[in-house]
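Beneath this line is the structure, given in structure tokens, with notes to follow.
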Amino acid sequence: MATPHINAELGDFAETVLMPGDPLRAKFIAENFLEDVKQVCDVRSMLGFTGTYKGKRVSVMGHGMGIPSCSIYVHELIKDFGVKNIIRVGSCGAVHDDVKLMDIIIGMGASTDSKVNRIRFNDHDFAAIADFHLLETSVQQARLQNVNVRVGNIFSADLFYSPEEGLFDKMEKLGMLGIDMEAAGIYGVAAELGAKALTILTVSDHIKRGEKLSSEDRQKSFGEMMNVALETAVNI
């Protein structure tokens, strides 16, 4: 049954949904990586698709930008459509000197300046972490593909244009590998509703060094990340 934000029917989504931020990226993934594709939703142009990868059902849907947006879609997918596994696929900025452009980062945990998880946990700190089985499977699949991945803590920011000076230096000191805007929220929703979640990111920018990927390199690293994510989706 359709929800306020997802006009699909029960059974339209696979148990595992890959979620990029951009709905057009979801369409690209469906058209270029999946077979037997069916579009299942389009409310507010947030496109969702279900198809098969190596004979197994997989869905892909955009989640928008930021924790409030992604939390709505993840909540409804899990609670109303029976989705069991959420795998966020996207890009991130890096601040750590040891992280390079095109690195693939798997978010074992996600710190944040958002208060959403404190709201969930009576104003206490909540350790927003990936599901271990998804994490372990993704690392195994990356190794089978000879794809190097970095596993560690990331930071989910509420502000893209942050005025907070000195924060990047502190992130580097604490060993945070990348900065996105959604992972901590997705992990929180999944934990609250009893589902599993993982975040896989490609480094598209190095914030402290002022480096950015070219379009060609961005596409190459995206392809490697998608292969890891899809192999994870069909091997859990």
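Backbone N, Cα and C atoms are what each Cβ position is placed from, and that goes for glycine too.
A C-beta separation below 8 Å, combined with a sequence spacing of at least six in one chain, links D205 (active site, proton donor) to S91, G93, A94, L101, E211, K212, L213. What Swiss-Prot records for D205 is active site, proton donor, and it gives sequence analysis as the kind of evidence.
DSSP assigns H5 (purine D-ribonucleoside binding site) to coil in the three-state reduction, outside any helix or strand. Counting every protein chain shown, 17 other Cβ atoms lie within 10 Å of the Cβ of H5 (purine D-ribonucleoside binding site). Taken from Swiss-Prot, the feature purine D-ribonucleoside binding site applies to H5, D180, M181, E182, S204, D205.
Taken residue by residue with DSSP, R88 (phosphate binding site) is part of a strand. The annotation phosphate binding site is assigned in Swiss-Prot to G21, R25, R44, R88, V89, G90, S91 on the grounds of similarity to another entry.
For the recorded site, R218 (site 'Important for catalytic activity'), the DSSP three-state label reads helix. Residues or ranges marked as site 'Important for catalytic activity' in Swiss-Prot (evidence: sequence analysis): R218.
Proximity to R44 (phosphate binding site), defined by a C-alpha to C-alpha distance within 10 angstroms, is shown by the following recorded positions from H5, D180, E182, R218: H5.
In this view, S91 (phosphate binding site) is surrounded by 21 other Cβ atoms within 10 Å of its Cβ, with every protein chain counted.
Take the Cα of D180 (purine D-ribonucleoside binding site) and measure to each of the recorded positions G21, R88, G90, R218: the nearest one is G90. For R25 (phosphate binding site), other Cβ atoms within 10 Å of its Cβ number 19.
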